[in-house]
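Worksheet: the structure to be examined is printed underneath.
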């Protein structure tokens, strides 16, 4: 990232402050009203009882205490983690695979555009198309399974299958996008390291594991952090297909917060859960960055 | 790079082609189903071509067929009008994109080209907002929009993202930083003010990244579901994504109107697919560059 290196003028001079204030006014208004203020208010609401109808009533740590004993909350966390693990695990492996294939085979913009295509279509559309394709009775996927002698699967109706199904649908939507991020990372690896490996007689596999992957690490970490944060925010797919069912199997944390806030008007409790989610996401990102030593490159 | 056709390359190409087919197949299936007659679908679940091909499903979801006609073709008969939702989506996405990109560009200019005390700290604060998960700010924002009496209005849907997003400012600032300072100083010597420099110099020179950002913003806004679901339930402001959810839950017991549903998803997806076909290179390249979104 570049930082402007403006020649040091008189220190502490207001510079272009007046002009800057004019240019910044609309954005600052938006930032304060729709980002800063709600962040502070959200934190406050998490310590209140608030139904949207009357003013929020401060109730200390009640919401958090309730959360500890709320089996739905723990179920939601568990289901979300299951989803994230399947989704991110598969997606990352596939994305690296696709990126490697593109890197070695073709620079074609068409190929890249095709793999990116699902990402540009709304979650809701993607969810509904797959909901139809995975239908128990007339879906094409179950038809195809029957051709190879497998009994139809109730992808959305079976509580064991529901989360993996939703996870796979979103792998389909996001793998091309993630692959393009990885692809950009691959292009930053200088070709001389490959040439050196070839001279040393390294096989394709060895080169991948010993050179490409380690050199890709900083990019991979960033991709993992970003995609994982996104993955925790699963909502659309669940909202238009299973709506949390069957028997809570897909009631992910986002959906549970939504239900609490907008069908039970339990705004204070929902805010408390959102704050806990915020903390979890911050922690997960921090851990990933630490564990995978994101900043250092092996190419020093 | 070696270019001869060894077995490894053949296998690799085969993998890539299979992956591309897997990517494209659902789009084909959406098309195939949308042009089918819904009552005939269950009889031919694996026919690769549309079953009894008809435009009935499109007529149904665009509100062009009578209730009796719609029901005869397996629709619910409930009044749906995707024209209206299409119009609503166009309004929301267009206004959001124009406002957000313009105001973010103004802010990015202040962060990239102007010198003022505290600039980098304020910018860091703007960026920090990227860390806050949307649902956390969404609850208080909903309360705010409700208290302002803006539920079920376009203003309520558009306002929270109309003035800025941290990403848009970050994205444009990166480009504005790279613009040569000498040009700007030459313009200043000629007596141009910051307004003239911004509109006459910075904007034209950044036409490419601004277009890219506008396309990305448009797509995101078009595809958004959660926020319009909360504040835009009523028909008059209902956007396509929300309408799809409603349409899906209206499906009659027994035989859902799959053809109608796929026709509706196609109507929702097609504008973005067309946009992508036109701007494929630009969009694809922007993803490598900007990384996060």
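Keep in mind that glycine also has a Cβ here, set from the backbone N, Cα and C atoms.
Curation plays no part in TrEMBL annotations; they are all automatic predictions.
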* Structure fact -> Range annotated transmembrane segment in TrEMBL (choices B:235-257, B:258-280) is B:258-280
* Name the residue range among B:157-176, B:177-196 that TrEMBL annotates as transmembrane segment. => B:157-176
* To do: May I ask which of the stretches B:12-31, B:123-145, B:157-176, B:197-219, B:258-280 has the most CB pairs under 8 A with the transmembrane segment (B:90-111)?
  => B:157-176
* Asked: Per the definition of 3+ C-beta pairs under 8 A with sequence separation of 6 or more, do the transmembrane segment (B:258-280) and the transmembrane segment (B:12-31) touch?
  -> yes
* Asked: Can you name the far-off residues of the same chain, 6+ from the ends of the transmembrane segment (B:157-176), with a Cβ under 8 Å from a Cβ of it?
  -> 92, 95-96, 99-101, 103-105, 107-109, 111-113, 123, 126-127, 129-130, 141, 145, 150, 202, 206, 209-210, 213, 217, 221, 227-228, 231-232, 237, 239, 290, 292-293
